Structure formats: C-alpha cells, structure tokens
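What TrEMBL annotates here:
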REGION    1-23  region 'Disordered'
TRANSMEM  45-60  transmembrane segment
TRANSMEM  80-102  transmembrane segment
TRANSMEM  122-147  transmembrane segment
TRANSMEM  153-172  transmembrane segment
TRANSMEM  179-202  transmembrane segment
TRANSMEM  222-242  transmembrane segment
TRANSMEM  263-291  transmembrane segment
TRANSMEM  328-347  transmembrane segment
TRANSMEM  367-386  transmembrane segment
TRANSMEM  392-412  transmembrane segment
TRANSMEM  424-448  transmembrane segment
TRANSMEM  468-490  transmembrane segment
C-alpha cells in the first residue's frame, strides 16, 4: 500500500534498534535537522543552503593556493583554463554525489560496501583514507605557513600547533549543523574578501586573464605537471563521499517531486558555492601572475617567483604590494586551513563508517588523521624547510588526482544505474558528459605517469640492466593502475536500492521508510544537539 495515501514520517528507527519501527525517531531524540516544507516554493532553497559551502572549502584549501601560486608565477594566466574546466567538472560531479544521497538515503561509501566484494571494498577504503591524508597534509602545512606569517612561528612548530585544531572542532560540535554551516560560509567569505582586495590592488590585465581562461595551452612538461596538480587540487576524491553524506542532514519530502526539487536546489546551491571558489582560485592565479611578471620587480623577487611556495608568496606580496597584503594572505590561508580541517575530519568519518561499518568519535578520528598528516609534514619541514614543505603539497595534490578515478567511477556507475536510482538515474546526455569528463581526467593521469616513467629512465645515469628492471616495474604498476580502473568501469552493478519507488510513482512503500535515514547515520551526522526525553 503506497504511503501517499497518508503522510509518513521521514526519519524512522531501524527495526534492529527499536521494537516499534514505525515510531518516528524524532519523537525520542531531538536532532538538529533542517526540515524542508512539503510545498513548492522558491524559499525552499534556503533550507538546502549549507552542504555546498562545506564541500566548496576543499576547492580553496592550502593545496589549491600552493598550485595556484606556482601556476601564476611560472605561466602567468596560461593555466586559468584548467581552473575553469575543473570547476565545471566539479559542479557536475558534486551534484551527482548529492543526488545519490538524496535519492537513495545512503552515501557513496555505503554503496561501495554493498556493491563490491570484501577485497575490492577494503582496497577502495585504503585508497580513500590515503586521499584524506593527502588532502590533510596541505592543510597542516598551510596553517603552519599562516602562523609563520602572522606570528613568526617556525614552520616545524606550526606543524605541531595545527594538532590543536582538534579543540576547535570539538568546540563546534555542541552548536549544531546550521551553526557549523554558517561558520564555514563565514570562513569562505573571509578568504574571498582577502583575495578580492588583493586582486583589485594588483590590477592584472583583464584581456590576458580572459585569454587564459578560454584559450587552452600547455607550454612545456612543467605545465603538464602543474595542470595535473591543479586538477587534483580542485576535484578531490573525499569530497564525493562527503557531499553524498552531507545531504542526509535535510528532512526532505519523500516523494518523486520532493526528491526532484531537492536535487535541483542542491545543484543551484553547489553552483553558488563553487562559483565563489572558482573566483577565489582565479584571483590567486591572477594576483600572482600580475606580481611575478611585473617589469618593476627586483632581481631577488624574480628569483623567488621561480620557486614560489606559500611562505615565499607572503614575503613577495609584502615587498611588492605592501605589508598589509602579506597579512591578508596569511589570514586567508589560516581560514582556509582550519575550515578544511573540519570538513576533512567528517569526510573521514563517513568513509570509515561506510566502507567498514565502523564508527569512531570525531576527536579520535581527527587525532588519527592529524598524526598521519603531521608526521611527514614535520619530517619534511625539518629537513627541507619551507621549500620542501611546499613541494610536499604539490606531491599530495598529484596523489589526489591519481586516486580520483577510484571514487569517481563508482559514483558515475551508481548514479547512472536505474536499479539504484530508479526514475532519478542520470539522463543519457548527463551520463555521456560525466563519462567524458572522467575519461579525460584518467587519460591525463595515465599519460603523465607514462611520460614521467620514460623521461626519468632516459635521463637517469643507471646501468642498462637497472633501467630495464625499473622500466618493467614501472610498467607493471601502470598496468595494475589501468586494470583497476577498467575493472571498476566495466563491472556490472549487482545491488539494487529499495529506498524509493523505482516505478516513479508518488510516495514510498511503508516498509521502505523504516531506514530513511538510519539511526547510525543520524548519530554520526554533523555536530548536533541531542536531548533525551
């Protein structure tokens, strides 16, 4: 019997946890959730605003700033088109992640656990955890650089101090989802204002900026490496897991029209947030390109532009634009690093819960992630100084780019499957566009790996036998990488979804509502207040 004949509560307890599964969970526990009115109105969009801004912070984290600075210093505005394409791809991909959570009531990591066997599922979990650590390294180093700029704290001390961000995260947990979303939005706006002010003072040539945005070009092998780093810093694997889970904090009308409206408004909300992130990235590259290519630069400043990192950018802006510019950059960097820490921790929570059905307290999860990121950052900063720490950010961004297919392909497969999404599956045009985007990303990665292997062996001074051995080893690794991608791409989906009316009829079956969403997700949801009657 369809639920459309009588209204059904959305949030229900699982039969395994409650004796009376039809009793609304919200009657027992008061969660800080946003309820979307069950009526058509443009004002509903305000109920959906939030998750997109939490996701967008990953597109303006210190890793993005590092690659943006190098792109602007070395190639002026020539790589802006990468930012434009990556932002467009990010909007499409993030909207699919949101749709998956809205339609099925499960996030991406949970679908992977249900779909794949134990070994592939475990490997995907390990890859996702590595991606989160690789994303966390730039946040640690970026925060350390910001502390150095503001308070003259040594980089290695700043790396240790970033572990205290756990206290900030714990402090936010008592204030609820909406407060966290407003806080992150405030940090994003802080970053935007800082760079927009610097953009207005640097005054880059608008015609050259537009040419860089809309005319693709890659001059030299170094440009290819930076392009991959920019792509890896823009489209991050952990963001797909995060966005598909964040949308579960909304209590949307569980009808076909309600689901369609939620998907549409999440697309608009993500577009607004990612547009702001796009403008920030363009501003960083444009400011750096204008400063490093200024004819009035001193020889010392020109030398700094040859190997520009977050720390050198501070002194460069100070000498060229003034002391206030350096402070603005440091404030933006600090806001970016701290907000990225918060979203990265929750992404780790959802990844661990989804793949392994294992949940940790947020402070434990944050502590473990901090340690895994702090150790390599501390070692590199002690040995290589700020230059070595800056190179580590580039390496981390490249790792994210290479790992992206292992989150992107399952997302494309699941959202294009009618057995999982029913009438809300991707249209043919959307599926074709997303697969083209995914194929281009994977093609760039494979091309760069093969080119790097050949050039490294060609320029090395090793003996022929060693070169042959290294070549075989590298080719084997590349073959394994390619085979893993092909396995995910051509493997047929087996598990269906029983959380929606696949026929497209209005309403859901009563039995299908029992787990929408499950209590374990609600308990691990973003910071929330809980009051037991």
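Glycine is treated like the rest: Cβ placed from N, Cα and C.
Since we're looking at a predicted model, the values are computed, not measured.
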Exercise. What same-chain residues lie close to the transmembrane segment (45-60): Cβ under 8 Å, and 6 or more beyond its ends?
Worked result: 34-37, 87, 90, 94, 98, 135, 177-178, 180-181, 184-185, 187-188, 191, 233-234, 236, 238-239, 242-243, 246-247, 249-250, 262, 265-266, 268-274, 276-278, 280-281, 336, 339-340, 343-344
Exercise. Quick one: do the transmembrane segment (392-412) and the transmembrane segment (328-347) reach 3+ CB pairs under 8 Å, ignoring pairs fewer than 6 apart in sequence?
Worked result: no
Exercise. Among 222-242, 263-291, 424-448, 468-490, which stretch has the highest count of C-beta pairs below 8 Å with the transmembrane segment (179-202)?
Worked result: 263-291
For this session: Could you tell me whether the transmembrane segment (80-102) and the transmembrane segment (328-347) have 3+ CB pairs under 8 A, leaving out pairs under 6 positions apart?
Result: no
Seminar exercise, completed: Spatial neighbours of the transmembrane segment (263-291) not adjacent in sequence (6+ beyond its ends, CB under 8 Å) are 44-45, 48-53, 55-57, 59-60, 64-65, 68-69, 71-73, 75-77, 79-80, 83-84, 87, 90-91, 94-95, 98-99, 102-103, 188-189, 191-192, 195-196, 198-199, 202-205, 209, 213, 234, 243, 247, 297, 305, 308, 313, 316-317, 320-321, 424
